[in-house]
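Written below as structure tokens is the structure these notes are about.
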Amino acid sequence: MTAKLIDGRQVSATVREEVSARVKKRLQDGKRAPGLAVVLVGEDPASQIYVRNKRRDCESVGFASFQYDLGADATQVQLESLIDDLNDNPEVDGILIQLPLPPHLDADPLLLRIHPDKDVDGFHPYNLGRLCQRKPELRPCTPAGIIRLLDSIGTNYKGAHALVVGASNIVGRPMALELLLKGATITVAHRFTQDLAGYVAQADILVAAAGKPGLIKGEWVKPGSTVIDVGMNRLDSGKLCGDVEFDAARERAAWITPVPGGVGPMTIATLLQNALEACERRDIG
Ligand SMILES: NC(=O)C1=CN([C@@H]2O[C@H](COP(=O)(O)OP(=O)(O)OC[C@H]3O[C@@H](n4cnc5c(N)ncnc54)[C@H](OP(=O)(O)O)[C@@H]3O)[C@@H](O)[C@H]2O)C=CC1
Ligand SMILES: Nc1nc(=O)c2c([nH]1)NC[C@@H]1CN(c3ccc(C(=O)N[C@@H](CCC(=O)O)C(=O)O)cc3)C=[N+]21
Ligand SMILES: [Mg+2]
């Protein structure tokens, strides 16, 4: 079997069109455009690219984009006061602090300081808690974007065994909660897991999010399964690759996401969806 590709660029374009149409409708109704604030600290080249893409997509769907580029020497107190200002700013519906921050800054208290209603990354404990309790509000972008991809191929979650490789707060853990919410039976693998190969062989849905190129061998993959590769690893050659041995996995899976062009574009599209939702919710409440 050669797996069909799950086209994240195509599905994300559909999401952007949906968001764009809802923004247009708001403007026709005399309402304001959603506002998204993206905060970049320092000059990490990968972060600069991601932030540029986020701002570009933001503008392409008609949002107001608020940009904050702080030097690598920005202090914790400076960031705290910026977050306080953005929390109070009525034109800002969503606040995103690009991670990772330079090592002298502590991300956790900053993420906690973002008002949960403006937490478009879905990283605040309030929003993670809501997902945990089956009543999600703002959902972490990468896992929610992956669910959208899985829905787009008609995934049957109930009765499926889903394996999530990686247990970070921003990808692996919320991914497991999203799959659980859909009715899958979940396993979460991490650094201390023994016999990763054995779990992969039993996974109808595999989500690889460890950040280790080639960690998942193609020959482990369950025939007929769906493989979602979240890994974004830059090789010395400059080439971007995932955590899964793509060519070999493709010979066994039924569906697979490419890297690039799979999960990455969905993360940004879901961010836009979250910002619109945050905006619509603030209008009512
Ligand atoms: N496409 C996209 O939109 C996005 C892509 N990414 C990419 O996804 C990957 C993961 O990101 P993130 O969650 O932030 O990374 P982290 O480094 O925070 O988390 C990685 C997780 O994988 C686990 N892990 C590491 N090595 C192994 C191993 N050998 N076997 C099993 N589990 C292992 C770690 O275990 P432990 O907890 O024990 O340390 C940890 O839970 C990265 O490549 C990142 O670039 C991230 C965000 C968005
Ligand atoms: N507060 C915060 N929120 C995040 O959501 C967040 C973050 N910080 N820090 C870094 C990670 C990583 N991340 C990606 C988003 C898009 C692509 C993406 O668009 N990837 C393209 C290719 C990009 C390229 O070519 O380099 C693709 O896969 O096709 C990748 C990775 C969001 N993150
Ligand atoms: Mg995210």
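Each residue, glycine too, has its Cβ placed from N, Cα and C.
Annotations in TrEMBL come from automatic prediction, not curation.
What TrEMBL records for 6-121 is domain 'Tetrahydrofolate dehydrogenase/cyclohydrolase catalytic'. The average pLDDT computed for the domain 'Tetrahydrofolate dehydrogenase/cyclohydrolase catalytic' (6-121) is 97.
The domain 'Tetrahydrofolate dehydrogenase/cyclohydrolase NAD(P)-binding' annotation in TrEMBL covers 140-282.
When Cβ atoms from all protein chains are considered, those within 10 Å of Ser168 (NADP(+) binding site) total 15, not counting its own. If you look up TrEMBL, you'll see Gly166, Ala167, Ser168 marked as NADP(+) binding site.
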Might you list, by sequence position, any residue in that chain lying six or more from Gly166 (NADP(+) binding site) with a Cβ less than 8 Å away from its Cβ? Gly172, Ala189, His190, Val207, Ala208, Ala209, Ala210, Gly211, Val230
Inside 8 A of the center formed by the CB atoms of Gly166, Ala167, Ser168, which other residues of the chain have their CB, for the recorded NADP(+) site? Val164, Val165, Asn169, Val171, Gly172, Arg173, Val188, His190, Ala209, Ala210
